[in-house]
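Only one structure is covered here, and it is reproduced in the block below.
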Amino acid sequence: MGDPTTTPALDVPVLQVSGATVRFGRETALDSVDFRMFAGEVHSLMGENGAGKSTLIKALTGALPLDAGEIRLDGQPVRIPSPLEAQRHGIRTVYQEIDLLPNLSVAENIALGREPRRYGGIDWPAMRRLASEVLAELGLTIDPASQLGTHSLAVQQLVAIARAISTDVRVLVLDEPTSSLDADEVAELFRVIRELKDRGVAVLFISHFLDQVYEICDRITVLRGGVLVGEYRTTELLRIDLVQKMLGREITEQRVRRPSDPEPGTRVVLGARQLRRWPRVHDADIEVREAEVVGLAGLLGSGRTELARTLAGVDQPDGGVIVLDGTPTTIAGPRRGIGLGVVYSSENRRTEGIIAELTVRENIVLALQAQRGILRLMPRARQTELAASWIEALGIRPESPETIAGTLSGGNQQKVLLARLLALAPRALLLDEPTRGIDVGAKVEVQNLVGELAANGMSVVFISAELEEVLRVSTRIVVLRDGLVVATLPADELSSGSLLAMVTQPDDGD
Amino acid sequence: MSAATSTRIPEGIGTRVRRFTSRRASWIPVFAALGILLALLLAGQAYFGNFLTPRVLSSLLLDNAYLLILAVGMTFVILTAGIDLSVGAVLAFTAIMGARMLSEGVPVVVVIPVMLIGGALIGLLIGVLIQFFDVQPFIASLAGMFAARGLAFLVSLSSIKVEDPAILWLQTKLFNIDGWYLSPTGVIALLVVAAGALVLQFTRFGRTIYAIGGNEQSARLMGLPVVRTKLLAYIICGTCAGLAGVVFTAYQGAGYPLNGIGTELDTIAAVVIGGTLLTGGSGFVLGSMIGVFVYGTIKTAISFLGAEQSWTRITIGALLLVFVVVQRVIVSRSSRR
């Protein structure tokens, strides 16, 4: 790891972090990361899910304590124990979920806590003037007396920035500021960012849109798995190299292993035509046949998760049809999906999957019991028998059905989740990042398991951020970019290099 | 930029309407309440013929002065997205305590401050429970309600008559202006409304109340004094309950430990009908005043009809239901933006 920095530091960074380490229990979310920001520069932090981006931002803005490491402002060591303290140091954050007050006026949202006063009371006219001035700086001509909640999210975002820059701001952190903006609004935001840059503000711009990062950023720091990959000048880093650094592994042309498959069937089990779900699924066509694994390949934000969720009926489509066994079907929610034999396993294993307080047995029988209904309670002996058979079939360790699920390793938790879904005897299984955050051995086991399931006739949709893994597991691959299906190809015809080129923007270097 | 231009105030026709709705959206429920009040008054006049008289309208304020004071305090608490169920019991407790002290010869200049402080202390207790022990406002104020009611019974099990002239003067002295009547209790209530409205509109404390109701987490991240403000809101509500105890004692000429049962619910109903969202962050003291008048008008109309007073509660209940549903619609519409 750790490519050498491409340019020597000309001056002292405004903000410098060295050896930043954050642990959550036994897991290390951020491992001794170095990061720095210069005045008048726009810096981007890049990485896939779980790379440690948000952990690092939280540590910088006082929302999370560092377990080890040092933060320096203008070369002076500082402690940032709270968001308030970060603000005092001139570090302001505009979060993706705007943390303003929609019930108050625009002017108040900008000035709250620092309102101008007269005769012991709030001077409303002065406050509106102050707000108008800041808004004018951002080129925003809205009525400062209007209620914030009456404006679009884009305007609210700009008001949040207005609040940040109405004080003495040194470092401005913009966390996914463009995710709810349209193209014109993004252009407007970039104009504002450039202005701030000229004023000497150090801007940290987080986005998973490569185009935007390349348009606005001067410097890119790449994280992967909580570890620093390197810091680069944007002009000196090709997109394809950036993506490769984010996804990891040297891209080699090695032959990928595939499940020892009988020929996939020709019957389409689950499919969709012109499937739409705002904002990340645009007119997607997809077919999943009997006994095949369809891999969804794409970067974070490409719509891979959203497509799977919509296909499984977890989220409802805005348009298009889902076709099950050749019949257009509405899957009104996950419960209905289970009834139809379409099950989805979330990428958020901890929050949307495993129930850590329950035992392995309870976790496994959960969905099956829910499907049977509360009145047809499965006998305890039957539950134990069922759990034991899945524990054996999937090799869950420890083998006791009465182990508390939260104490299991990530890989074993994933297997428990799989067991829960497989106990439903589904026809189509949608797995979203089933191998994320589990160790290499367990990864291979899960991959092999997916192959076996398909070989036994199941239709599987497989999502992974690791392209190599998608290649290894899938029969066919659907390539997604910015919410669009750009290609559907047999995995045999793809190499990791060509797949990487397809998931990255084609117009590299503009 | 499209977003900026689309929200720019367009010149010409419709400007005023649009500016008004974008600035004063939270006033809309207040106008709805005002509309209902006017409709009730006009309907009463049409039906009874002698409803819209200075005497009836004056008594609307004088008979409900204590409720108005309670509603102002309650507005502060509900604006923070909290609730205070203790106010009826606190009213009863401070009233019976005051009556007992007066009957034992304690001078009125001591008794009234003691009543106010008693209310404030119970408010503080509730606030501390909520803020530092993380108890739900509903439960914390329920505990406060039981405590206050118990204390009231501890002071006396039966009614204590008040003969202090200064207290009685508050209700019996009537300023007569062209057939309109105004008692000192009415003046006190109006002053409390004015003070409440000014504090909420023109102080940082007042704006912080709204901020907390909007989103407590955001308010904290903005560096606003959330803890202090919430405590103060409950202290204000308790103090108002103590003051309402003073006014109620004057109104009844006696203290009685069973007074004010269910008054907390009448208060909450008046505040909600007056356009304050139970989810916090939106509402006005003036709206709560209108809510109290709506309540008073229904009560008066029903006594004009000679019907059972239980119909007041039924009508108020139905009205409350309508208002809460309307609020729900407003909230869900604004959260969809």
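First residue shown is number 1, and so on along the chain.
Every residue, even glycine, has its Cβ placed from backbone N, Cα and C.
Per TrEMBL, the features are as follows:
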type	residues	note
TRANSMEM	B:26-48	transmembrane segment
TRANSMEM	B:68-96	transmembrane segment
TRANSMEM	B:108-132	transmembrane segment
TRANSMEM	B:138-160	transmembrane segment
TRANSMEM	B:180-200	transmembrane segment
TRANSMEM	B:231-251	transmembrane segment
TRANSMEM	B:271-298	transmembrane segment
TRANSMEM	B:310-331	transmembrane segment
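Highlighted: of the candidate stretches B:68-96, B:108-132, B:180-200, B:231-251, B:310-331, B:68-96 has the greatest count of Cβ pairs under 8 Å to the transmembrane segment (B:271-298). At the 8 Å Cβ cutoff, the transmembrane segment (B:231-251) and the transmembrane segment (B:310-331) share fewer than 3 close pairs (sequence separation 6 or more) and do not count as touching. With a cut-off of 8 Å on Cβ pairs spaced 6 or more residues apart, the transmembrane segment (B:68-96) and the transmembrane segment (B:138-160) reach 3 or more such pairs and are scored as touching. When Cβ-Cβ distances below 8 Å are used as the criterion, the transmembrane segment (B:108-132) is approached by residues 82, 84, 86, 90, 93-95, 97-98, 101-102, 140-141, 143-144, 147-148, 164, 166-167, 227, 230-243, 245-246 of the same chain, each at least six residues removed from its ends. Nonlocal intrachain contacts for the transmembrane segment (B:180-200), taken as residues 6+ away from its ends with a CB within less than 8 angstroms of a stretch CB, comprise 54-55, 57-59, 61-62, 65-66, 68-69, 72-73, 75-76, 79, 169-174, 206-207, 209-210, 240, 243, 247, 250-251, 284-286, 289.
Packing against the transmembrane segment (B:138-160) from elsewhere in the chain are residues 83-86, 88-90, 92-93, 96-97, 99-100, 103, 122-123, 125-126, 129-130, 254-257, 264: each is 6 or more residues past its ends and has a CB under 8 Å from a CB in it. Beyond the ends of the transmembrane segment (B:26-48), by six or more residues, the same chain brings 273-277, 282-284, 286-287, 290-291, 293-294, 297-298, 300-301, 304, 319, 323, 326-327, 330 to within a C-beta distance below 8 angstroms of the stretch.
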